[in-house]
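A.B. asks: Before we start, here is the structure in question, set down as structure tokens.
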């Protein structure tokens, strides 16, 4: 145990024989006041009544500490005057590039509900391939996940397996035989190279931009020391080879441009007195020029260019213009267009059937009338030939037994067949307005043709025998008979187009229908008879029959 207590100062307390600890010193003075006696002794630390905290002093201390802390932060922290344009914002070289001023207006992006998200992803329905986002992939895209590091074959790219595939060696990879050369330290480098070599005697290695100690830089003269007489003709202006081309001397006299009132404007307009024709301005006109004003629309003669006046100047005829006599004839195979709905409906079929029946009846009536007319003409022609033959026989009989009267005038001997061909002369195409003239009335007796009912027992005189030249009048009467038949129908016309009556006083007709008894009451509207009805119809829908 003595080893444990070695090196320590051991103090042993002595027993005082049981002295009383409460015994006071003989010189003790009780200097405790009444207040200290009541609130505790000052000799005992922490005893007694503690005083309350002074709030005003505490607030003042906190304010002083806060002020000191703020001043310290302003001194050590970043200053707001730097980087934002300097003090007062006028130092542009210190302006922060990423800072914007109060005039900056930021453009807010649209809300998701306002953005048209169909753009840029193939357009609407994804079919606009030209608007497909290049970085967007569709649902058919299959991303290939990269292999884990444990799955990769690192033997490739480093010389292949076992390092013998030299064509696969990585260019940036070095092998174990590579020996890297460490760069020398700054203290080991020889800086004598490049500045003239060692000792500055290798002139071929001298740095071009380096100068030696013998170099003496010439300071540029001040503006007040420069001689500006060079370059403007040299000193005293006598060195003309050094004269500035753009500089003018004191002997230069600038010629001012003449005022508008002083210029001679007679040049370029024919010269002086207007006789220099080669100098005359081509676009200038003289005082003898008379401007001809264009005529008003009401004064222009629009007869030019459409065949000239009265349409007789063929060389001025407009190639694209057509005359009034060029009427496009509608082909006879015209068929009235029927809508598809009308073809399928039964009512329209019935109506079409009735219309077809009516057309067929009209065509049959027309054919019957033409056949009856042809038969009547053939019958009348046969009767005329018989009457002519009888007259010729009577003439021959009279010629064989002439009477005792004075000798008659000689009768021209005509071949018997000549009267037959003579009847072709009166049959000529007559104009359509023939029916409007009064019909000449020819009696059958005057023509020398007896009636069919009174041929028997009728004695013929010799007067028609010697006046056989009046026989053509009979055929003229025949034509007049047919003209009278046509004149009963009045002016006729044939329909070019179909027309449906729009009112009760109008008539309807189809193409190729014949309108008779036409009355031209107006230029655009006529009145006539067609299909048993009498009324108005447009004149440009029909064509008059010749």
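For all residues, glycine too, the Cβ spot is worked out from N, Cα and C.
Note that the coordinates shown come from a computational prediction; the quantities given were computed from them, not determined experimentally.
Summarising the annotation, Swiss-Prot assigns region 'Disordered' to 1-28, 355-424. Per Swiss-Prot, compositional bias 'Acidic residues' is recorded for 17-28. Swiss-Prot lists 87, 107, 124, 144, 152, 181, 272, 304, 309, 346 (among others) with the feature N6-acetyllysine. If you look up Swiss-Prot, you'll see 117-153 marked as repeat 'Cortactin 2'. The feature repeat 'Cortactin 6' is assigned by Swiss-Prot to 265-301. Here Swiss-Prot flags 357-396 as compositional bias 'Basic and acidic residues'. Positions annotated as phosphoserine by Swiss-Prot, on the basis of similarity to another entry: 443 (among others). What Swiss-Prot lists as phosphotyrosine is 485 (among others), and the listing cites experimental evidence.
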A.B. asks: Rank aside, I only need the closest one: which of the modified residues 107, 144, 181 has its C-alpha nearest to that of residue 152 (N6-acetyllysine)?
C.D. replies: 144
A.B. asks: In sequence order, which same-chain residues at least six apart have a C-beta under 8 angstroms from residue 181 (N6-acetyllysine)?
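C.D. replies: Within the chain, residue 181 (N6-acetyllysine) has no Cβ neighbours under 8 Å at 6 or more residues' separation.
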A.B. asks: In Å, rounded, how far does the Cα of residue 144 (N6-acetyllysine) sit from the Cα of residue 107 (N6-acetyllysine)?
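C.D. replies: So the Cα of residue 107 (N6-acetyllysine) lies 40 Å away from that of residue 144 (N6-acetyllysine).
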A.B. asks: List the helix, strand and coil residue totals of the compositional bias 'Basic and acidic residues' (357-396) as derived from DSSP.
C.D. replies: 40 helix, 0 strand, 0 coil
A.B. asks: Go through 107, 144, 152, our modified residues, and report the one whose Cβ sees the most other Cβ atoms within 10 Å.
C.D. replies: 152
A.B. asks: Three states by DSSP: which one describes residue 181 (N6-acetyllysine)?
C.D. replies: coil
